[in-house]
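Peer 1: So TrEMBL lists these for the protein:
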TRANSMEM  B:21-43  transmembrane segment
DOMAIN    B:76-272  domain 'ABC transmembrane type-1'
TRANSMEM  B:80-99  transmembrane segment
TRANSMEM  B:111-135  transmembrane segment
TRANSMEM  B:155-175  transmembrane segment
TRANSMEM  B:207-231  transmembrane segment
TRANSMEM  B:251-271  transmembrane segment
TRANSMEM  B:300-325  transmembrane segment
DOMAIN    B:353-548  domain 'ABC transmembrane type-1'
TRANSMEM  B:359-377  transmembrane segment
TRANSMEM  B:389-411  transmembrane segment
TRANSMEM  B:423-442  transmembrane segment
TRANSMEM  B:480-508  transmembrane segment
TRANSMEM  B:528-556  transmembrane segment
Amino acid sequence: MTIFATMRRAAVLGGVALAAIAISGAAFAQKTKLTVYTAIENEQLDPFKKAFEADNPTIEIAWVRDSTGVMTAKLIAEKDNPRADVIWGLAASSVGLMAGMGMIEPYTPANAAALKPIFKSGKSPETWVGMDAFLAVVCFNTAEAKKGNKPTPTSWADLIKPEYKDSIVMPNPASSGTGYLTIAGWLTIMGEEAGWKFMDALHQNVSQYLHSGSAPCVQAAKGERLIGIGFDMRGATEKTKGAPIDLIVPKEGLGWEMEATAIVKGTKNLDAAKKLADWASSPKANELYGKYYAIVANPTVKSMPPNYPADGEKLMAKVDVDWMAKNRERILAEWTKRYDGKSAPKAK
Amino acid sequence: MTLAASNRSPILRVAMSRDDLMMRLGVVLFAVVLLVIVGLPLWSLLAKAFEDRDGKFVGLANYVSYFSTPALFDSALNSLHVAAVCTLIVVPLAFFYAYALTRTVLPVRWLFQGISLIPIFAPSLLPGLALVYLFGNQGFFKGALGGPIYGFDGIVIAQIFYCFPHATLILVTALTTADARLYEAADALGASKLRVFFTVTLPGAKYGLISAALVVFTMVITDFGIAKVIGGNFNVLATDVYKQVIGQQNFSMGAVVGMVLLAPAAIAFLVDRVVQRKQVALLTARAVPLIPKPKLGRDLFFTAFCTVVAAGILVILGMAAWGSLIKYWPYNLSLTLANYDFTNFDASGWDSYFNSVEMAVGAAVFGTTLMFVGAWLNEKTREFYLMRGIVQFLAFLPMAVPGLVLGLGYIFFFNAPNNPLNFLYATMGILVVNTVAHFYTVGHLTATTALKQIDPEFESVSASLKVPVWRTFGRVTAPICLPAILDIAIYLFVNGMTTVSSVIFLYSSDTKLASVAAVNIEESGATAVAAALCIVIVITSAAVKTLHVLADRFLLGRLQAWRRR
């Protein structure tokens with residue numbers, strides 16, 4: 001075979017390969033690619049995508065996932081030229097903020113009527129629809145408690161007892177949405193005056209305010225701290241992995257937040273986005289959420305993921321979401337003045 | 001850059017040659033590039049310091065409200081405190097280590113040199129995780145510090161680990177380019193060792209010492225990764241930016257703190273101007289490199305010193321490596337490789353790792369070209385002071401900017417609907433450009449230092465032989481500087497592998513990076529998996545560095561042979 005023949009063969013092969021790529025590309029291109037911004041947990045990404053795409057074979061989900069704070073900041077920064085089509089799984093307070101900024105395309109999904117009322121924005125058409133709720137619970141490390149001979153707390157009032165001095169971590173509300181919903185919950189349940197008094201007392205027992213909502217239960221799970229106040233689902237998964245912790249729902253009630261779905265205004269794939277919004281509020285989707293969260297939007301879906309506290313839903317504080325949003329700056333300023341920056345080494 | 005020209009006797013102004021014109025055009029073009037990748041994105045965020053949340057102009061109102069918060073002074077003081085302490089520890093430590101590497105005869109010198117670089121290969125998450133394993137409430141040496149690791153102590157230890165190689169690299173460069181003739185002269189004059197150290201060695205390394213101090217100081221001030229993981233309640237300015245931007249989506253306040261953080265950059269820039277004025281070429285055409293001769297007492301002392309420092313680095317790395325194999329810390333210490341199966345913990349799994357490699361290679365290629373050619377234009381262009389000053393300033397800016405600020409600025413600038421470059425947004429391209437911009441300063445400094453060490457005689461001779469500048473650049477300057485060029489490329493590669501704070505805002509569905517994935521995984525509680533991903537990143541960068549060293553030794557040896565006597 002001459003050199004030229006070899007070259008020709010190579011060219012033909014290359015051409016075939018290119019054509020194959022082009023064809024598969026074309027088949028690929030028939031699918032609508034939806035860019036979905038989310039803060040759901042890593043392990044949920046694949047199951048959610050697969051379940052939706054199985055029912056909607058013409059649509060493909062491209063996830064962009066990071067923590068709630070990063071995704072909210074990114075969405076707001078992209079406001080003038082939105083890159084996301086749909087938000088699926090971001091804190092409702094963040095989505096509410098964006099709705100207020102005119103960044104959300106109002107749409108009432110097909111299955112919205114069947115959902116619990118608190119899981120909806122209340123607007124017509126809806127700006128967002130809730131998926132599941134999460135709570136700011138107490139993660140209590142039983143192994144460390146045994147070593148230190150510490151009693152199990154059952155209420156917020158227990159946490160200000162002197163035996164828990166320096167053994168509590170909670171999220172810093174100035175850095176973490178979970179932190180803010182935690183203190184907003186206290187202010188709602190106890191009232192403002194008693195709420196701040198409680199936090200003054202709690203501050204004596206808090207060893208650290210952390211920068212994320214997951215971190216407190218993770219630290220409690222790993223025995224870094226006896227008690228972490230934070231994101232319930234993280235505590236449950238750590239327990240499933242073998243951590244010696246109990247998830248405690250304090251009997252006074254507690255702050256909570258939900259994850260929500262919304263369509264981004266300006267999306268070029270509105271039809272596909274609506275299909276995703278419809279699907280995300282369907283009973284099927286709610287069953288999927290129920291694998292990870294105990295409290296979901298659809299009242300007929302009963303689910304109890306492993307190691308979840310049982311009575312959380314009954315004790316959800318009657319938080320006024322609008323009040324939370326309007327008073328956020330004031331509450332955070334007050335909180336920061338009282339507790340942040342007091343980093344001087346405490347007497348041990 | 002130097003103002004030395006003004007000291008010379010006024011000479012007749014020579015008409016600009018075609019070369020001069022080309023060079024000036026190049027400088028202008030380069031300034032435009034820097035403006036697009038550094039200046040404008042930063043401005044599009046920092047301008048928000050003068051706006052309220054709805055984008056209305058409010059003048060200095062945000063500054064007033066920020067400066068009237070007592071927390072600011074706490075954070076600013078804390079930042080200065082921790083940066084000063086780290087600088088005072090790291091610079092002498094790195095100086096003696098670099099001195100040992102360049103001026104004494106160490107056994108397995110290459111090994112000591114390699115170990116000193118390890119921290120630069122690691123994401124800043126790694127020392128944080130390792131310190132928790134070591135000194136945390138469940139750690140092996142809990143209580144050894146006499147207090148909790150979370151807070152000031154933790155930040156200082158982690159920052160020392162993290163900044164040490166940066167300072168060492170700069171100081172090794174500074175100490176390598178010594179002229180042996182000076183030492184021979186001092187020896188012949190019977191100067192004592194101490195006197196030689198203070199009158200020859202230290203002054204020769206002065207520029208390196210100041211650069212190292214500035215780099216360490218600003219690195220500590222702007223880094224939030226370490227403070228976030230191990231800082232506890234110890235608030236610093238960089239965590240204040242985090243709270244404003246990520247915690248409260250208050251970009252205006254974030255921009256205010258970002259502006260405050262620019263102060264160290266401004267100071268660094270001024271100091272550099274002053275120092276550079278006095279800097280003269282160390283490598284004259286007639287210089288002779290210094291080759292250390294064995295001396296038992298000194299060599300033993302420095303071997304012991306280096307062993308202690310290297311052991312410290314290895315303990316932290318080793319702890320992270322061991323932690324990455326643990327099933328469930330601290331309750332199930334049995335070992336497993338399952339933590340390396342990243343697909344179970346992050347949907348993008350190993351993809352993010354390959355994205356990182358691709359991005360780091362892109363940053364190394366694009367960045368090195370830009371940095372070296374840019375530094376060359378800026379160094380070798382005659383006069384044109386104002387424009388060159390602007391370039392120098394733009395090149396200095398990134399060092400002082402927290403990544404969060406740069407990353408957000410990139411969204412505002414590159415995602416603007418009327419920006420013709422917005423096709424770059426949400427591609428691998430923008431991650432590459434952002435990384436190059438983020439790490440611009442050190443690369444630029446390295447290139448500038450290398451170029452300054454070349455005697456201008458080379459250019460003068462070329463010019464008088466009527467050789468065009470670009471040919472001198474290709475035939476003489478670039479080959480002489482090849483080691484520095486490769487250093488820049490490696491620097492960009494390893495930083496591309498570990499960078500988080502800026503790119504966290506910029507990746508899209510198919511360009512997630514391993515360093516970001518590690519942070520996400522750590523947040524979700526899978527500490528061991530995060531440690532595993534960090535270790536994979538360290539191994540990758542270390543392997544690339546090893547290739548570099550081998551290439552340096554066997555390929556470049558020939559190009560540099562002329563330096564030896």
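Backbone N, Cα and C define each Cβ position, glycine as well.
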Peer 1: What parts of the chain pack near the transmembrane segment (B:389-411), using Cβ distances under 8 Å and only residues at least 6 beyond its ends?
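Peer 2: Beyond its ends, the transmembrane segment (B:389-411) has Cβ neighbours at 1, 27, 30-31, 34-35, 38-39, 41-46, 215, 218-219, 221-224, 238, 241-242, 245-246, 251, 254-255, 258, 261-266, 268-269, 272-273, 374, 378, 425, 430, 434, 437-442, 444, 499-506.
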Peer 1: How about long-range neighbours of the transmembrane segment (B:111-135): same chain, 6 or more residues beyond its ends, C-beta under 8 Å?
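Peer 2: Tertiary neighbours of the transmembrane segment (B:111-135) are 97, 100-101, 141-142, 144-145, 149, 154, 157-158, 161-162, 164-166, 168-169, 172, 223, 225-226, 229-230, 306, 309-310, 313-317, 319-320, 322-323, 329, 491, 494-495, 497-498, 500, 515, 518-519, 522, 527, 530-531, 534, 537-538, 540-542, 545-546, 549.
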Peer 1: Under 8 Å, at least three CB pairs between the transmembrane segment (B:359-377) and the transmembrane segment (B:207-231) (pairs 6 or more apart)?
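Peer 2: Between the transmembrane segment (B:359-377) and the transmembrane segment (B:207-231), contact is absent.
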Peer 1: Thinking of Cβ pairs under 8 Å, which stretch from B:21-43, B:300-325, B:423-442, B:480-508 has the most of them with the transmembrane segment (B:528-556)?
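Peer 2: That would be B:480-508.
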Peer 1: Is the count of Cβ pairs under 8 Å between the transmembrane segment (B:21-43) and the transmembrane segment (B:423-442), pairs 6 or more apart in sequence, 3 or more?
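Peer 2: With 3 or more qualifying Cβ pairs, these stretches touch.
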